[in-house]
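Undergrad: For reference, TrEMBL lists these features for the protein:
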COMPBIAS  202-227  compositional bias 'Low complexity'
COMPBIAS  303-320  compositional bias 'Basic and acidic residues'
DOMAIN    61-189  domain 'TNase-like'
REGION    186-270  region 'Disordered'
REGION    301-320  region 'Disordered'
Amino acid sequence: MQVSFTHLVGGLVALVFIIAGAFTVGSRWHADAGSNTAAAAASSQAAAEEAPPAGAPLYAVTRIVDGDTIVVHIDGKDESLRLIGVDTPEINDSRTAVQCFGKEASEYTKSILTGKKVRIEKDESQGERDKYKRLLAYVFREDGLFVNKSLVAEGYGHEYTYDTPYKYQTQFKAAEVMAREEEKGLWASDACPTPAPKRASKSPSASKQTAPTAVTPVQEPAAQPAAAPQPTPLPQTQAQPKSQTPPPAPAPMPEPTPPPPAPQSSFDTSNYTCSANTYNCTDFKTQAQAQAVYDKCGGVSNDVHKLDKNKDGHPCDSLP
């Protein structure tokens, strides 16, 4: 009877351990399942952030203007649309020469949007239109490609904050950092070689360092006969010889060449702000004006208006 009681107690203890082990395994399984569900939900939420509003209509792309501007057919008419958050090199501004990688950026946008339909998303923080009356929007291709971000991520443009932060600013800045690190597109070491300074010939001092050019010979006056040696003047108390021949007239001196006009140096920058990204190169008539505002705002160390694309200290080189 004593043996049976001992066996009974041992069996109960073993049963308790079995139940406790099963409870522990079940708890871990539920915890792991909960973690996986939370991670999936977070991933889905992040993906949903970069998408147009649910049910957004599709619009046909009718023309590519350049890398960051397209024409979309909306409500029966063509609308020019400027992509928010990205700035690609210029190719169409008559006052600006084609910039490095401008053609490549334009061709990339053509390759991903020609003949395609897109959904658009506006951003209240940026306003509906810019000063050129273009719509401001994010553009998503029908298959979900986020066009604005793709241009930055593939190295075809800079992240661009016009005035105030926009919805996807954090993602675009991160995309540019990654493109720089991977040397994609215009960030490649051989994509945009630094050109020789274009402004050197504009200053009188720099022109002395340029290669000599052929000049038209200046007609020199005919050589005059050598002047006869003149006698030492006699004291006033002595009479001058009457036979003294008057000296010949001196040869005419050539007129001095007028100095080149001084470059325009005075430009009133008092009405220009440095507190936010407000101006483009197209807002200035000359490079000197852009340089004045650029220097006022701090130059390379504080190029708030992003006028100096290649960071060489000379903004808007394409301006006259």
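Using the three backbone atoms N, Cα and C, a Cβ is placed for every residue, glycine included.
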Undergrad: What are the helix, strand and coil residue counts for the region 'Disordered' (301-320) according to DSSP?
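TA: Each residue of the region 'Disordered' (301-320) counted once, the result is 2 helix, 0 strand, 18 coil.
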Undergrad: DSSP-wise, what's the residue breakdown of the domain 'TNase-like' (61-189) into helix, strand and coil?
TA: 38 helix, 37 strand, 54 coil
